[in-house]
Ligand SMILES: NC(=O)C1=CN([C@@H]2O[C@H](COP(=O)(O)OP(=O)(O)OC[C@H]3O[C@@H](n4cnc5c(N)ncnc54)[C@H](O)[C@@H]3O)[C@@H](O)[C@H]2O)[C@@H](O)CC1
Ligand SMILES: Nc1ncnc2c1ncn2[C@@H]1O[C@H](COP(=O)(O)OP(=O)(O)O)[C@@H](O)[C@H]1O
Ligand SMILES: [K+]
């Protein structure tokens with residue numbers, strides 16, 4: 001699924017009108033109908049009480065007026081408060097005329113702010129994607145008044161004052177919504193942590209916007225959902241054998257952090273790899289062999305950390321990092337690995353696929369000259385703090401996306417910036433946000449599990465690098481969702497994600 005800018009969203013609306021021979025009030029009616037469908041599935045008329053609908057001067061306000069009419073017809077009680085302006089949009093005026101007189105309408109003024117109870121449900125239809133500058137004057141005052149009231153707020157399309165695709169100045173007035181009901185495609189703003197308190201829980205409703213326009217629109221932003229990854233995992237042929245699905249090598253673990261190696265290995269095995277060998281420090285031998293009998297195990301001459309790189313010839317992909325520690329000897333192993341992987345090992349001429357995580361990322365961050373040696377399509381899986389060590393502190397989430405894009409294009413690698421909407425950046429500068437996963441996965445070891453999944457999929461001969469990583473990130477989050485459905489979020493541990501990888505991959 002694509003994510004478009006506010007300007008492209010307006011063009012999409014126009015393209016839809018042309019292509020489907022619609023009048024613009026008809027499209028607005030679709031949007032209002034979709035909104036009311038969502039609203040009535042969440043709040044029964046009795047529960048909603050008297051709704052306050054705040055209405056701006058443009059088409060977002062027009063959506064609000066159309067929704068007011070439909071809500072009243074469905075048995076809701078409501079009053080409408082209009083933000084005064086010199087000029088309202090044509091569709092706004094159409095829907096103002098269509099609103100029955102039985103719906104009370106008042107005009108807001110500097111001394112006439114609507115009364116809002118904390119228990120009240122408020123629908124925010126002040127501004128949507130047409131916002132051209134931060135809110136000021138009366139509009140800002142209304143938003144501050146609403147936020148202070150601490151009422152329950154449902155925003156139409158966007159919380160008013162929020163830009164769909166760009167940051168706004170700190171301290172600008174933006175509605176804090178508990179729910180945002182948007183149309184067509186998700187907005188970039190919904191996916192960034194800094195907007196979480198403003199957007200609340202969000203939902204995108206289908207209003208039949210032009211599929212042709214969307215298909216042709218050029219954008220760096222994408223959203224990976226079930227449809228994106230459907231059918232991407234190649235079927236296992238009847239006569240396949242363990243050599244068919246690749247032999248993966250995992251370099252992980254140190255004294256006190258053998259669990260990271262165990263979790264990564266378990267995830268790799270549960271993600272369809274043919275064979276897995278783990279190279280671990282001597283102290284981990286019993287722990288590893290007992291907990292992962294399906295994996296083979298090489299032990300380092302050092303008891304507590306990794307200091308040797310095994311011969312790489314047998315392997316189709318290598319992961320390094322989970323629980324590694326940052327010993328100078330482990331840094332030397334990372335150096336050797338980058339050098340060896342860059343030389344094509346077989347006749348395809350492709351470098352050996354690498355997945356770099358956790359302490360191996362921290363070592364790269366403190367020895368940045370090594371970044372120049374990353375083989376093309378190397379997968380890096382930093383969380384935001386690890387990413388900062390590789391680059392620089394970001395001013396805000398939008399700046400972090402810029403840094404991410406620049407990093408992936410400069411180093412020609414696939415960077416998985418982990419978070420609630422994990423963002424995969426590609427060497428060509430695309431950003432793919434993941435839709436699966438939940439806050440139960442904010443628990444030690446979840447990232448180690450992801451490394452194992454990506455290792456298995458990078459060892460798979462039939463999966464190109466980008467598709468493998470996008471699929472792995474999706475399946476990891478989906479496994480977390482399946483696990484949380486059983487354990488609840490608080491009770492979820494990383495091992496539960498491993499146990500649900502099978503069903504998650506079977507789904508796609
Ligand atoms: N165009 C269409 O056909 C459709 C539009 N839809 C709705 O239309 C919305 C977009 O409508 P518009 O493009 O009219 O934009 P908005 O309604 O978001 O806002 C534009 C209006 O606000 C004014 N404005 C912008 N920034 C302001 C600021 N900082 N302070 C004060 N006034 C400001 C503009 O001058 C204009 O009058 C979407 O968010 C969505 O809710 C939906 O009805 C779907 C169909
Ligand atoms: N709130 C959340 N919603 C969705 N996924 C999450 C959330 N918090 C964490 N995750 C996922 O869990 C994993 C955590 O990785 P990481 O921070 O490296 O943890 P660790 O180092 O403990 O293994 C990432 O894949 C991340 O996307
Ligand atoms: K709004």
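Easy rule for this one: first residue shown is 1, then count along the chain.
Using N, Cα and C of the backbone, Cβ positions are placed for all residues, glycine too.
Here the structure is a predicted model, which means the values were calculated and not measured.
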Co-listed AMP-binding residue [TrEMBL; alongside 418, 419, 420, 421, 422] among 445, 447, 452: 447
Record-annotated K(+) site (TrEMBL): member among 59, 60, 212 besides 124, 160: 60
Neighbour tally for residue 419 (AMP binding site), based on other Cβ positions within 10 Å of its Cβ: 19
Entries of 60, 419, 421 which, being binding-site residues, have CA atoms within 10 angstroms of residue 129 ((6S)-NADPHX binding site): 60
For AMP, whose listed binding residues are 418, 419, 420, 421, 422, 447, the greatest C-alpha pairwise distance in Å: 14
Rounded Cα-Cα span from residue 383 ((6S)-NADPHX binding site) to residue 420 (AMP binding site), Å: 11
Residue 160 (K(+) binding site) in three-state DSSP notation: coil
